[in-house]
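As recorded in TrEMBL:
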type: TRANSMEM; residues: 20-42; note: transmembrane segment
type: DOMAIN; residues: 23-407; note: domain 'Major facilitator superfamily (MFS) profile'
type: TRANSMEM; residues: 54-77; note: transmembrane segment
type: TRANSMEM; residues: 89-108; note: transmembrane segment
type: TRANSMEM; residues: 147-169; note: transmembrane segment
type: TRANSMEM; residues: 175-197; note: transmembrane segment
type: TRANSMEM; residues: 226-251; note: transmembrane segment
type: TRANSMEM; residues: 263-280; note: transmembrane segment
type: TRANSMEM; residues: 292-313; note: transmembrane segment
type: TRANSMEM; residues: 319-344; note: transmembrane segment
type: TRANSMEM; residues: 356-378; note: transmembrane segment
type: TRANSMEM; residues: 384-406; note: transmembrane segment
């Protein structure tokens, strides 16, 4: 890719006053709804297949289309928050999440369930995209990487506990029970957000029409720096989504594990991600986003390579899968906060649009990868590990490109 043309200058007339940072627990809570709703469903997928008398591929659409909804909604919610403010868009998203969750809970058919998941995905992505923009509103780039690391460390508790809780509720009460819990959690998060989240968008910032905000994507796409950060984020996240899309099939169809056992093993990956997020929050300000990306991506690639080699050597046991995947979680937890902070720092005045576009690439690509896993998996887990290794290598290469662009 050739060098980027000069970007339009930021308007110097903007107020210099820095907005007040919201309580970090608020950012953690709104961010956690998306991965909680995503991961809590995973152990229940074979149960949904039986309950609705449908195929696993059809049930997997509830995962894939959820991700598609999250990806596309970010293209709208990010620019909308640049125009109208973070708080009103966040509150609307939280309310929509409750509507979608209720639709899933009461769904009489698989079609109604999938529709509810789409609505749920649109609502949940408000917390995902706007929490990043809010952090960038308040902090400079390397400090933002640290804060994103702490936020994602907190929100990673959701996918750590989500599969285990979802699996236990599914086995005890059926597949609707996890959605009843999601509704209660969502209502509490909405109430807390309403009470404590202040507006962080500076007055006068990005008040053009919606078309001009969508045009911000073209401005960002012309930046070699932004593209390198965003593509690295997309590929590194793709490794996780490939695993998430394939591991229920591998565990329950090939290895004979139950929903509860699958959920408990998924805690290994999430625990690694929490540790990686802690390391990012602790050291990103000291070492900078470029070094943190490189280290995290190297760890992730080594972890996937180890899982692939163990599989080829004939070790077909959950521990042979999840021990390396714990290190994948550590690597992703180190790398992703820095790739995101780098992407949203290219144009701070377009932080919402940058966060939305980066998130769309992450989640949209993740949706495609989960569909691919449904098509590739048969009587062996080898396609899963080969796909993950390819994506991890691409993530490392893109991270190196971001390093070169930053020089």
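Just so you know, glycine gets a Cβ as well, placed from its N, Cα and C.
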Fill in the blank from the handout: Mean pLDDT across the domain 'Major facilitator superfamily (MFS) profile' (23-407) comes out at 84
Exercise for the section: Mark yes when the transmembrane segment (292-313) and the transmembrane segment (89-108) have three or more Cβ pairs under 8 Å (sequence separation 6 or more) and no when they do not. Expected result: no
Handout entry: Two-stretch contact, the transmembrane segment (20-42) and the transmembrane segment (175-197), at least three Cβ pairs under 8 Å
Key = yes
Completion exercise
Sequence-distant contacts of the transmembrane segment (292-313), meaning Cβ under 8 Å and at least 6 residues beyond its ends, amount to 145, 232, 236, 239, 276, 280, 283-284, 320-321, 324-328, 330-339, 342, 381-382, 385-386, 388-389, 392-393, 395-396, 399-400, 402-403
Handout entry: Top Cβ-contact partner of the transmembrane segment (54-77) among 175-197, 263-280, 319-344, 356-378 (pairs under 8 Å)
Key = 356-378
Exercise for the section: State the non-local partners of the transmembrane segment (356-378) in its own chain: residues 6+ outside its ends, Cβ under 8 Å from one of its Cβ atoms. Expected result: 56-57, 60, 63-65, 67-68, 70-72, 74-79, 125, 128-129, 132, 217, 220-221, 229-231, 233-235, 237-238, 240-242, 244-246, 249-250, 340, 343-344, 384, 387, 391
Fill in the blank from the handout: For the transmembrane segment (263-280), the distant same-chain contacts (Cβ-Cβ under 8 Å, at least six residues beyond its ends) come to 39, 42-43, 145-146, 148-150, 152-153, 156-157, 159-168, 240, 243, 247, 251, 257, 292, 296, 318, 321-323, 325-338
Handout entry: Intrachain residues whose Cβ lies under 8 Å of the transmembrane segment (319-344), provided they are six or more past its termini
Key = 132-133, 135-136, 141-142, 144-146, 148-149, 152-153, 156, 225-226, 229-230, 232-233, 236-237, 239-240, 243, 247, 250, 265-266, 268-281, 284, 289-290, 292-293, 295-304, 306-307, 310-311, 351, 354-355, 358, 381, 392, 395, 399, 402
